[in-house]
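Visitor: First the structure, which I've put down as structure tokens, then a few questions once you've had a look.
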Amino acid sequence: MSFDYDLFVIGGGSGGVRAARVAAGENGAKVGLAEEDRYGGTCVIRGCVPKKLMVFASEFSGMVGDAQAYGWDIQAGALNWDTFHGKLVTELDRLEGIYRNILKNNGVESSDQRATVVDPHTVELADGTRKTAKHILIATGGRPVVPEFPGSDLAITSNEIFHLEKLPQSILIVGGGYIASEFAGIMNGMGVKTTQFYRGAQILRGFDEEARGLICEEMRQNGIDVRLGTNVLEMTKEGDKIRVKATDGTEDQFDVVMYATGRAPNADNLGLEALGVERGRKGEIVVDEYSQTGVPSIYAIGDVTDRVNLTPVAIREGMAFVETVFKGNPTPVDHELIPTAIFTQPEFGTVGLSEEEGAAQEPIEVYATSFKPMQKAFAGGTQRVLMKLIVSQATRKVLGCHIVAPGAGEMIQLAGIAVKMGATKEDFDRTVAVHPVMAEELVTMRQPVRTA
Ligand code: NDP
């Protein structure tokens, strides 16, 4: 049987574009791709990239005081949102153009419209055109979800926060995950009076407790009103403001309320139900270790599969899919020991097991140090950083590394190599320190602070 394409990809985000490019450009496959929104997907258009630019923009406010303390004659001003936002829009347009060009230059035929699956080898575009393909790859990503409650329609999500008409004077951010905690820091740094509600006992559930505790403490020191054990009961519009009634009995007004209470996979209305493609509890597409669904010609990668929802993971899944399907080299996706950074302020870099996970798994030693970094301490700052290693007592392997510090994302990328290689504590110790940098503590901690 002959098909229009060897591969049809639904979704032009990081994972889909990578798979399409490599299948077409490096493997000579005939590839089609459909994207109903903007090319680049969540990461490039409404996630990692604009978020990181906002982190950069927000960090300047803290630098002015430090510069003054170092002797600079410098005055703080305010962020001009229009200037920043204008540049942001231009940059996102540029990046989207790059994504489109990647596809074009690799011979991928792309359509700017929604596609659904009609049968195991056929997709239908929104204009009614049908295309056949030997393989179909679903890479449709995810979207923010806001729970239903009175006034929930007044909330914005991370999709809208990048394109506010003006910077609000006050914002409430609801949620305690990556997105909520990152945006609390961003908004606070941009000069917005920032409140964060989290329903649980500590933000960033699932990560190392000591690290979470320090991040929350520092966020509060920076001026964010982090209210733990608190949720929204109802919201009402009051003039230009939103009145929020909270579970802790308080009522406050905010200019903007942003919900970052989780994301859902974009797997609805794609035609999958009729084909019997299995969906999980959150609606995600269920796939095996090769990203294959129960329908052999249909694969899925990235956030729509809700495995590890990170851009570099989606890209890995896309590459492994191409290796498996187009190179005849079955390649399972390795989801072990993925280093990651959370761009809270202070930043958090982490790989491997938390102290709690390590202790639950086997006897461990914990090496940790928390101190005032030189640059801030000189300026009179009270901020602290944390360097922490979780070590197996039996194998001496470093099971986890957790860094709360400026630049922690950069540091954990490198520490992640050692941890992924299975480095032992003694391997870390044999490495000569780089002096004077914060990360030298990772190779100079001699005594465990505790065992568990
Ligand atoms: P998360 O699932 O990480 O966090 C959701 C938060 O909202 C949790 O604190 C959760 O509380 C809370 N919550 C859930 N439902 C409700 C509710 N009904 N009312 C109040 N609070 C609620 O989602 P995010 O939106 O923060 O991020 C989604 C994903 O995006 C992450 O898993 C991550 O993989 C990815 N991401 C990665 C980034 C990075 O690498 N730096 C940056 C941003 C996103 P509870 O803990 O009690 O469940």
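Each Cβ is built from the backbone N, Cα and C atoms, and glycine gets one as well.
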Visitor: Of the candidates GLY97, GLY107, GLY262, which one does TrEMBL list alongside GLY175, GLY176, GLY177, TYR178, ILE179, ALA180, SER181, GLU182 as binding NAD(+)?
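Guide: Given GLY175, GLY176, GLY177, TYR178, ILE179, ALA180, SER181, GLU182 bind NAD(+) in TrEMBL, the matching entry from GLY97, GLY107, GLY262 is GLY262.
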Visitor: Measuring CB to CB from ASP303 (FAD binding site), give everything in the same chain under 8 Å that is also at least six residues away in sequence.
Guide: THR42, GLY141, GLY142, ARG263, PRO265, ASN266, ASN309, ALA314
Visitor: Just checking: which of the recorded positions CYS43, GLY175, GLY177, GLY262 have a C-beta under 6 Å from ligand 1?
Guide: GLY175, GLY177, GLY262
Visitor: Would you find the one among the binding-site residues GLY175, GLY177, GLY262 whose Cβ has the most company, meaning other Cβ atoms within 10 Å?
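Guide: Per the Cβ count, the most surrounded site is GLY175.
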Visitor: Over all pairs within GLY175, GLY176, GLY177, TYR178, ILE179, ALA180, SER181, GLU182, GLY262, the annotated NAD(+) binders, what is the largest Cα to Cα distance, rounded to whole Å?
Guide: 14
Visitor: Give me the sequence-ordered set of same-chain residues, not including GLY175, GLY176, GLY177, TYR178, ILE179, ALA180, SER181, GLU182, GLY262, with a C-beta within 8 angstroms of the centroid of the NAD(+) site's C-beta atoms.
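Guide: Once GLY175, GLY176, GLY177, TYR178, ILE179, ALA180, SER181, GLU182, GLY262 are set aside, the remaining close residues are PHE183, ILE203, LEU204, ALA260, THR261.
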Visitor: Neighbour count, 10 Å Cβ-Cβ cut-off, for LYS52 (FAD binding site): what number do you get?
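Guide: I get 15 for this one.
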Visitor: My understanding is the cutoff is Cβ-Cβ under 8 Å with a sequence separation of 6 or more in the same chain; which residues meet that for SER181 (NAD(+) binding site)?
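Guide: The list for SER181 (NAD(+) binding site) reads GLN196, ILE203, LEU204, ILE215, MET219, ILE342, THR344, given in order along the sequence.
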Visitor: May I ask for the distance between LYS52 (FAD binding site) and CYS43 (disulfide bond), taken between their Cα atoms and rounded to an integer number of Å?
Guide: 10
